[in-house]
Amino acid sequence: MSTTDTIVAQATPPGRGGVGILRVSGRAASEVAHAVLGKLPKPRYADYLPFKDVDGSTLDQGIALYFPGPNSFTGEDVLELQGHGGPVILDLLLKRILALPGLRIARPGEFSERAFLNDKLDLAQAEAIADLIDASSEQAARSAVNSLQGAFSARIHQLVEALTHLRIYVEAAIDFPDEEIDFLSDGKIEGQLNGVMADLEQVRTEARQGSLLREGMKVVIAGRPNAGKSSLLNALAGREAAIVTDIAGTTRDVLREHIHIDGMPLHIIDTAGLREANDEVERIGIERAWNEIEQADRVLFMVDGTTTDATEPAAIWPEFMARLPATLPITVVRNKADITGETLGLTKVNGHSLIRLSARTGEGIDLLRDHLKQSMGFTSNTEGGFLARRRHLQALETAARHLIQGHEQLVSAYAGELLAEELRLAQQSLSEITGEFSSDDLLGRIFSSFCIGK
């Protein structure tokens, strides 16, 4: 579809509401105003007007706002009609506007896409709009606002600027090899490169925090039947999310709870007890449990402390450990400490974390919460932080890899040309974050995930 068309969409959520907003962007916005309002509102002033149908009858009445480009969200002429939030009224008004020549419905995210294409936002800021709408906690919302205001982009621009200066220095060393000073071996370039690498690592650390705030951690509770898995889910959720009985195999399907630990989203998944099952329904539940386990960020291996004194996972259940992915982090949770009399606490056993607690009484649950937060490297202090997506982390990782390779070329071979190429590739990776270097396919995927009216 053409980006020069005039587009229209509902900017408020579908359904009934006190206010419903239609947004128009493009060259024909002023023509829409004359047709529907009978006049062009004064720019950036709220005008209370009737919204007219083609025969002159009134469809609705409300506030009209006109923002001439380039001083608008999209950088184009923008008209907003704020009327009553009934779906029938909004649909009639939308049909009225679409009947005008040159108007079409906006694609998902097209308003934000036009803001990006018209240099009103960079790509990271545009993504922050969607992240702000989807924020599931106060910290995530504040970090999304920081990203929208350019906090993340500013850090990326600082890195790109530092790489630009470094590339100039390296290119000069390559272009003037006959100078008395050997710029590649005098330590200045290496010092600057080390500084950029350190700054990049700091941004990566902050980005990982931002990614945790946005996406959270998927934690699967797994173990044998009647180990207390559902009781642990209820204790973490702070409510009776799962049915708890003394009957083994009560949980037969996957149960999901979304909670927060000091602002970090946590996706807790309770699964069916793992055993050889003859019942078809239970067997399907166990297969689903294994699917969730294999996709988890961490597994809480639930153990009934009254049935074994073992603390090493392989000794507790070797068949379970043999089936787990080798890189999957595990925390052994010895449950029913209120019965066994074990001392509550967190210890390390052969590289695995082990927590003793009572899911029934809630003793030790706070220790588990702190452990989950610390195991992901999450810190509650996100003042000035920003949200980050997986593509941002991948771009930062790629840039770091190119800088490491460039450093090796510098110190081992004084290979200026190869260093310059690695610096260029690192700069290109960073520019993908803000959209200064992005494929059309990438832009399409990003903006298609937005709301229609954004």
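Even glycines carry a Cβ here, placed using N, Cα and C.
Annotated features in Swiss-Prot:
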{"type": "BINDING", "residues": "Arg23, Glu80, Lys120, Lys454", "note": "(6S)-5-formyl-5,6,7,8-tetrahydrofolate binding site"}
{"type": "DOMAIN", "residues": "216-377", "note": "domain 'TrmE-type G'"}
{"type": "BINDING", "residues": "226-231, 245-251, 270-273, 335-338, 358-360", "note": "GTP binding site"}
{"type": "BINDING", "residues": "Asn226, Thr245, Ile247, Thr250", "note": "K(+) binding site"}
{"type": "BINDING", "residues": "Ser230, Thr251", "note": "Mg(2+) binding site"}
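Across the fold, the C-alpha of Arg23 ((6S)-5-formyl-5,6,7,8-tetrahydrofolate binding site) and the C-alpha of Lys229 (GTP binding site) stand 49 Å from each other. For the recorded site, Lys229 (GTP binding site), the DSSP three-state label reads helix. Here the binding-site residues are Asn226, Ser358, and the one with the most other Cβ atoms within 10 Å of its Cβ is Ser358. Cα of Glu80 ((6S)-5-formyl-5,6,7,8-tetrahydrofolate binding site) to Cα of Ser358 (GTP binding site): a span of 56 Å. Taking a C-beta cut-off of under 8 angstroms and a sequence separation of 6 or more, Lys120 ((6S)-5-formyl-5,6,7,8-tetrahydrofolate binding site) has the following same-chain neighbours: Pro70, Phe73, Thr74, Gly75.
Across the fold, the C-alpha of Ser358 (GTP binding site) and the C-alpha of Ser230 (Mg(2+) binding site) stand 12 Å from each other.
Counting other C-beta atoms within 10 Å of each candidate's C-beta, the binding-site residues Arg23, Glu80, Ser230, Ala272 are led by Ala272. According to DSSP, Ser358 (GTP binding site) sits in a coil region rather than a helix or strand.
Its Cβ taken as reference, Lys336 (GTP binding site) is surrounded by 22 other Cβ atoms within 10 Å in the chains shown. Over the domain 'TrmE-type G' (216-377) the predicted model carries a mean pLDDT of 84. Secondary structure at Glu80 ((6S)-5-formyl-5,6,7,8-tetrahydrofolate binding site), taken from DSSP and collapsed to helix, strand or coil, is strand. Recorded residues Ala272 (GTP binding site) and Ser230 (Mg(2+) binding site) have their alpha carbons 9 Å apart, per Cα-Cα distance. For Ser230 (Mg(2+) binding site) paired with Lys336 (GTP binding site), the C-alpha to C-alpha distance reads 13 Å. All chains included, 31 other C-beta atoms sit within 10 angstroms of the C-beta of Lys229 (GTP binding site).
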